[in-house]
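Notes follow the structure.
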Amino acid sequence: MQMMTRDILLEMDQEEEDDDDGDIVLDNLEQTTVCSFGSLESQPDFRTPEFEEFNGKPDSLFFNDGQRRIDFVLVYEDESRKETNKKGSNEKQRRKRRAYESNLMCDGLHLEATRSILDDKLVFVKVHAPWEVLCTYAEIMHIKLPLKPNDLKTRSSAFGNFSWFTKVLQVDESIIKPEQEFFTAPFEKNRMNDFYIQDRDTFFNPATRSRIVYFILSRVMYQVRDNVKKFGINRLVSSGIYKAAFPLHDCNFSHKSEDLSCPSERYLLYREWAHPRSIYKKQPLDLIRKYYGEKIGIYFAWLGYYTQMLFLAAVVGVACFLYGYFNQNNCTWSKEVCNPDIGGKIIMCPQCDQHCSFWNLNITCESSKKLCIFDSFGTLVFAVFMGIWVTLFLEFWKRRQAELEYEWDTVELQQEEQPRPEYEAQCTHVVINEITQEQERVPFTTWGKCVRITLCASAVLFWILLIIASVIGIIVYRLSVFIVFSTKLPETLNGTVSIQKYLTPQTATSITASLISFVIIMILNIIYEKVAIMITNFELPRTQTDYENSLTMKMFLFQFVNYYSSCFYIAFFKGKFVGYPGDPVYWLGKYRNEECDPGGCLLELTTQLTIIMGGKAIWNNIQEVLLPWVKNLIGRCRTVSSAEKISPRWEQDYHLQLMGKLGLFYEYLEMIIQFGFVTLFVASFPLAPLLALVNNILEIRVDAWKMTTQYRRMVPEKAQDIGAWQPIMQGIAILAVVTNAMIIAFTSDMIPRLVYYWSFSVPPYGNHTHYTMEGYINSTLSIFNVADFKNQSKGNPDPKAVIPTTCRYRDFRNPPGHEQQYKHNIYYWHVIAAKLAFIIVMEHLIYSVKFFVSYAIPDVSKSTKSKIKREKYLTQKLLRENHLKDMTKNMGVIAERMVEVVDNNLRPKSE
């Protein structure tokens, strides 16, 4: 029957010219469709949906007959009522749409059209899937459905003894009632009696019905010409034939539905989840999963769990910060910097060529005080703690994820997932399956696959190189502008001592470079998003999960370089290869490498993290909250003249914003980038977990608010886990140990201070009689003879000032006049040995603890394993018993018929 429809379409489209909405060769479409539930054999023309007037019930989710539920809505603009009526183009669109709707009806779907109340050009086509269609496609899609109520015990709370406390945080079960649990199995029509069917209208819940209908809409075609076939609602929407396609929300978010049979789940989600007054409550994950599907449910479950774990990290981080804050007055080396008799008399060498002058060390007094807060012993403790925390988080999340797989029935999801329509469309090559030894179709040969992978990898590499080029540009900016600030800033701020204390040339350069870096990051981010989608579409992954995992890896690799490259430069490269004043190292042969403050680059790294993390959070919240709200506000203003009219549910939803298939992907990406900031550079900024915690508490409710109030309802999708984000987080966790160890060793001054305290403050290297930090600043600043300046690197001294004979610079080198002058001294080698030893010890210690924790905490708890095995056993037993009952019943019927036949054959003879 399906072929009859295609033949008519082929005949129709041979008369048309080809258009630009895309061609797909689809020789094997017949393999991906099922038999139609209707025929065109007796129809002179296409079947079209009947037009019905709106019945005045704004909360109705049914056709006008009040019996058939609306499972999906298609929206188009009537060509005959368009203001700019291009007859040829409009006629082609109309015929394609009619062909598509006719095929939908031939596949068994029911359609009903209603004209818009607010705009008579718009037409809403309501789609209903009857029982036979739902059963057929539920079997094709391997959808698991209830067999019998689950009699196993539900998961008990770990805080059961504190129920009096946790009850305040729990969702009120009198408002959102717990869902009944069932044993489930993949649906089969020939075993329909085995399933728990009490009411055909509720056996398939609205989310499942929408999934099935969307599966059909994505695979029904509308045009054929020269063996080139076009199909699917996505292509029709993108080409403008339809304006939108979406499932309906069940009610208005601000009040319950007037239909008493409607559960008003959207209203409940808004009240108990998205409303600001529920910010302290746990999320109703089961209701989120039921309404939006497992894919969105698992995202909010992960985000909520991550936020809970951040609470512990934030508490420890704040404690370490307070430790540094209250002990900053005991920071001996900072006191020496600020002391007029010590830091005030130390003259530092110029930090740039020609334009920079000599300067006194005490002008960095304020930055040295701030540095004491972050560069303290508490930072070391916190870095070790975070290395263990991230392992605990990942391991406990795996256990929680396994529990959700069991509770949400996604343990064997991989068997259910169907190929993407775009993949099926390109399956034109026939190969032999190595396992089944049968023919199957694939989109490209092995050579073609290698070519695609090579091209995609080259494109990704090109964009990564582009980011690196932008980072080099920022470095050149820093080197150039530092000279300007060193020359102009003292003149501009002359007389304003209070400002000069805080706004030094180094600080001004760091802040402006961080802001420019943030702007470039956001611009490149916007461009690459589109490029990454194009590359992944060209790569042609098989399933939606494969598609998202491929896009995830590309986007994260780009974002990793984009967001973190500037931080890596400050942490591990800035100030490390500068030479000394008489022989500086030049960048690109022209720009002199920039140096760190006398206290190191740690404070600058903290500034960079604060600007990028804070700026990113503000920018994302503006995008997520303000943008959809303004768009919806503009849409409401356009229809304000018709505001007194009662509009139906489908028209209200149409004026909401579209979430997009990759909307959730960007939510994950935002959180994983934040996860990287919290773990990779936490040794320089112990308040990062606190900022992330506050942001995530708001993020959960902001995401809930926009999904519930500002966006159309998304098509529910299945998901077993968080996909490729899990191995990405594991990779970040491993890298975080290395980066934090290297930040403490090479970026902070903790190791040089410890070496001085234990070795160089006392004989034979020091002059003090006891271990002390006094004299540390003097020991870490080497002496340079001004007469040894080369002309190129010689500074520009103030004409009014007396030119010193020597100046100081940050390094461990021998003084002038030494037999190895300006070579690294013994202190330098002690420090290098201590840094390497620290990195090795810290890494091995944390990796050992991580390995032990990973081994000690199984990914799936013993109780969850037992529940999965018992459910599988009981399900198989139930199906087997029902099968035996059916066989016994059938055998009894056959036996009775055989007895009747024998009796009928023997009766005449006996007579």
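Cβ atoms here come from the backbone N, Cα and C positions, even for glycine.
These features come from TrEMBL:
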- 62-285: domain 'Anoctamin dimerisation' (DOMAIN)
- 288-871: domain 'Anoctamin transmembrane' (DOMAIN)
- 299-326: transmembrane segment (TRANSMEM)
- 377-397: transmembrane segment (TRANSMEM)
- 460-487: transmembrane segment (TRANSMEM)
- 507-528: transmembrane segment (TRANSMEM)
- 555-573: transmembrane segment (TRANSMEM)
- 672-698: transmembrane segment (TRANSMEM)
- 722-746: transmembrane segment (TRANSMEM)
- 826-847: transmembrane segment (TRANSMEM)
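With a cut-off of 8 Å between Cβ atoms, the residues of this chain six or more beyond the transmembrane segment (826-847) that come close are 383-384, 387-388, 737-738, 741-742, 744-746, 751-752, 754-756, 759-760, 765, 779, 811-813.
The transmembrane segment (555-573) makes no contact with the transmembrane segment (377-397): fewer than 3 of their CB pairs lie within 8 A, with pairs spaced 6 or more apart in sequence. Same-chain residues lying 6 or more positions outside the transmembrane segment (722-746) and placing a CB less than 8 Å from one of its CB atoms are 298-299, 302, 379-380, 383, 386-387, 390-391, 394, 398, 401, 545, 548-549, 552-553, 556, 571-572, 576, 602, 605, 668, 672, 675-676, 679-684, 835-836, 838-839, 842-843, 846-847, 850. Distant neighbours of the transmembrane segment (507-528): 367, 463, 466-467, 470, 474, 477-478, 481-482, 485, 489, 555, 558-559, 562-563, 566, 594, 604, 607-608, 611-612, 615-616, 619; these residues of the same chain sit at least 6 beyond its ends, with a Cβ under 8 Å from one of its Cβ atoms. Residues 279, 303, 306-307, 310-311, 313-314, 316-318, 320-321, 324, 374, 378-380, 382-383, 386, 390, 556, 559-560, 563-564, 567, 571, 602, 605-606, 609-610, 612-614, 616-617, 621, 725, 728-729, 732-733, 735-736, 739-740, 743-744, 747-748 of the same chain lie 6+ residues outside the transmembrane segment (672-698) yet bring a C-beta within less than 8 angstroms of a C-beta in it. Per-residue pLDDT, averaged across the domain 'Anoctamin dimerisation' (62-285), gives 84.
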